[in-house]
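Please read the structure below before turning to the comments.
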Amino acid sequence: MQQLSLLDSVVIPDTAQLRAAELRRLLEHHNRCYYELDSPEISDAEYDALFRELQVIEAARPDLLTPDSPTLRVGGKPLARFSQVRHRMPMLSLENAMQEDEIRGFEQRIRSLLALPDTVALQYQCEPKMDGLAVELVYQDGLLVQASTRGDGEVGEEVTANIRTVRNVPLRLTGDNLPALLEVRGEVYLPLAAFQQLNQQREEAGEPPFANPRNAAAGSIRQLDPAVVARRPLAMVCYGVGVMETEARTQTELMSQLAAWGLPVSDQARQVSGIEGAIACFQDLQERRDSLLYEIDGMVIKVDDLRLQQELGEKSRSPRWAIACKFPPRQATTRINEIILSVGRTGVITPVASLEPVELSGVTVSRATLHNWDEIRRKDIRVGDRVIVERAGDVIPAVVKVLLDKRSGTEQELPEPETCPVCGSRAAREAGEVAVRCQGGLACPPQLAESIIHFASRDAMDIDGLGSKYIEQLISLGLVKDIADLYRLTRDDFMQFERMGDKLAENLLAAIASSKQQELSRFIFALGIRHVGERTARTLAERFGSIDNLQTATLEELTSIRDVGPAVAISIRSFFDAPANQTVLQRLKAAGVAPTVEEKRVGGRLAGLTFVFTGTLATLGRDEAKKLVEAEGGNVTGSVSKKTDYVVAGSEAGSKLEKARNLGITVLSEDAFSKLLATGGNQ
């Protein structure tokens, strides 16, 4: 008699479909019991048996694999790169409070803005400030369809495949009254025990350990291979929403609603009355900090009433209704064995203390920044000193104090360098700066290497595969002396490397060639202009539309742009005025490097005007409408404030329309918006 295989026993269509649905339900239920409720109902072996059964069914019947299947949590195929995602509403950062008086000042500002007398008690929601990576999840009709990192607050990276591997993130929401669209924000983190285990595994494998749990979480989520992420026991906690229609009246009710839908929220969140109640909650959390199973670096205080949150609104980078109360940095005592001089991409020579290793926040610290020579003189830091070090923000170790009473008299001062420790070029300060810089420019190997590494990096020209190892070899072989030389490389150049095959050389050349058509904002950022980060580069690209226009921009034109102050404008102008840089740009153009951008008109019809869109537009998508405004020099934001000039209301407009009317802001129909685009308001 022929023996039936396991596949044969589960391919009956109706039975297989019903069983797969039941297995998905059971696995998600047990996932939640284990990861959220900490109350497992079955053994690991029983869970694995259910999981394997579902895998077998899906292998036999691929048509039964659903987007919310728990089997997707093991990770899929590696990605070539992350795509960018623009958040519908900006993911703002929070203002910080380091002292209790600053926390009280937070309430005073709120009372002033709301014209609230002291007799009216404000309610707050207090929650731990997780030390992880901020992400946004998008659910449509209850199904997880997209996940992205915070990025710069406006644009992040899509990490959906990686987030699906985070065990306490529901792939499908449960419960009643699920919204058609839900954007939920939260923090992905690595529990402390898992962090220590991961670092032990990395050290055993000869890999460098992560500096802290936050870096481990961020590095994991930005892994291109979801299978690697799936092997790391990440977790997530939700703290707020972006786009969502809600009947909740308070932040506390909103978090309860998210929990009812199966989303993980903090079990440490508290609702308190008055700012003194919030301060007491902060003090209590600080005392209990070391007993928690995860790293936190403070507490977030939020006005609990959602209506008041809406009324308070946001500043350009942070909401007015929330503040992050930071814990004092943890400290330890150690000895400075040596002071090492490090040369960075822009030539800054930074003194770094080599320390006797000391344990700090669960991490072994052996180096600490000394910042600059003004700081060294101010603190009277010498080689051989006993010092107090702290992890500022619990991330970057720094020397904060010298224990003068521990001096023996043998300690040695470190003079300010007059020459570069690497290339020997003259080192000097520039007017108004504390930094000492090597004047060797690209003749200085660290500056050359770092400038090319930056140029090729993922956030800049994104030349896939061209990492620091290959760049250093290119420089040592004399094949690359500036960024333009990258576009002259040949297959034979790469074949000089050890263990370089034909296929890898072809891939590197293809990656370099494809970067010739990179976005203008990335190209501007890649040039490494001092003070020009990704956000400013994007603003410059939108404003000028081409590198030629930016090259010829005057100081007056530059300083008129948001995000560009006098120091940034001078830095931009100095960069483009330098003959060496002009030569490099000419060579890049000759090599076919032609950055692309949808041109944004300088002094366009809508220049200086700020728009907010709400509801559904009949003839335009939201992104298309945004591009039209920006192409005419206008700005689009996600929230209504007194600085908003126009609110464009489509069908099913929400609370933004009501707020606009309350503030007396002009509300436009879609037709009126189209006419404004055509005329710029000049009838």
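Keep in mind that glycine also has a Cβ here, set from the backbone N, Cα and C atoms.
Residues or ranges marked as NAD(+) binding site in Swiss-Prot: Asp44, Ala45, Glu46, Tyr47, Asp48, Ser93, Leu94, Glu127, Arg150, Glu187, Lys302, Lys326. Residues or ranges marked as active site, N6-AMP-lysine intermediate in Swiss-Prot: Lys129. The Zn(2+) binding site feature in Swiss-Prot is assigned to Cys420, Cys423, Cys438, Cys444; the stated evidence is sequence analysis. The domain 'BRCT' annotation in Swiss-Prot covers 601-683.
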Could you name the residues, excluding Cys420, Cys423, Cys438, Cys444, of the same chain that surround the Zn(2+) site, i.e. Cβ within 8 Å of the Cβ centre of those residues, in sequence order?
Val343, Gly347, Thr419, Pro421, Val422, Gly424, Ser425, Ala427, Gln439, Gly440, Ala443, Pro445, Pro446, Gln447
Measuring Cα to Cα, tell me the gap between Asp48 (NAD(+) binding site) and Lys129 (active site, N6-AMP-lysine intermediate) in whole angstrom.
34
Using DSSP with the three-state reduction, classify Glu46 (NAD(+) binding site) as helix, strand or coil.
helix
Within 10 angstroms of the C-beta of Glu46 (NAD(+) binding site), what count of other C-beta atoms is obtained when all protein chains are considered?
12
Across all protein chains shown, the one of the recorded positions Lys129, Arg150, Lys302 with the most other Cβ atoms within 10 Å of its Cβ is Lys302
When you measure from the Cβ of Cys438 (Zn(2+) binding site), which residues in the chain that are at least 6 apart have a Cβ under 8 Å away?
Val343, Gly347, Ile349, Cys420, Val422, Cys423, Ser425, Arg426, Ala427, Cys444, Gln447
To the nearest whole angstrom, what is the C-alpha distance linking Lys302 (NAD(+) binding site) and Lys129 (active site, N6-AMP-lysine intermediate)?
12
Could you round the CA separation between Arg150 (NAD(+) binding site) and Lys129 (active site, N6-AMP-lysine intermediate) to a whole angstrom and send it over?
16
Structural state of the residue listed as 'active site, N6-AMP-lysine intermediate', classified by DSSP into three states
strand
Three-state composition of the domain 'BRCT' (601-683), taking helix and strand from DSSP
29 helix, 16 strand, 38 coil
If you count other C-beta atoms within 10 angstroms, which of the binding-site residues Leu94, Cys420, Cys423, Cys444 is the most crowded?
Cys420
Give me the CA-CA distance between Leu94 (NAD(+) binding site) and the residue listed as 'active site, N6-AMP-lysine intermediate', in Å, as a whole number.
11
What is the number of other Cβ atoms found within 10 Å of the Cβ of Asp48 (NAD(+) binding site)?
11
Where does Leu94 (NAD(+) binding site) sit by DSSP, helix, strand or coil?
coil
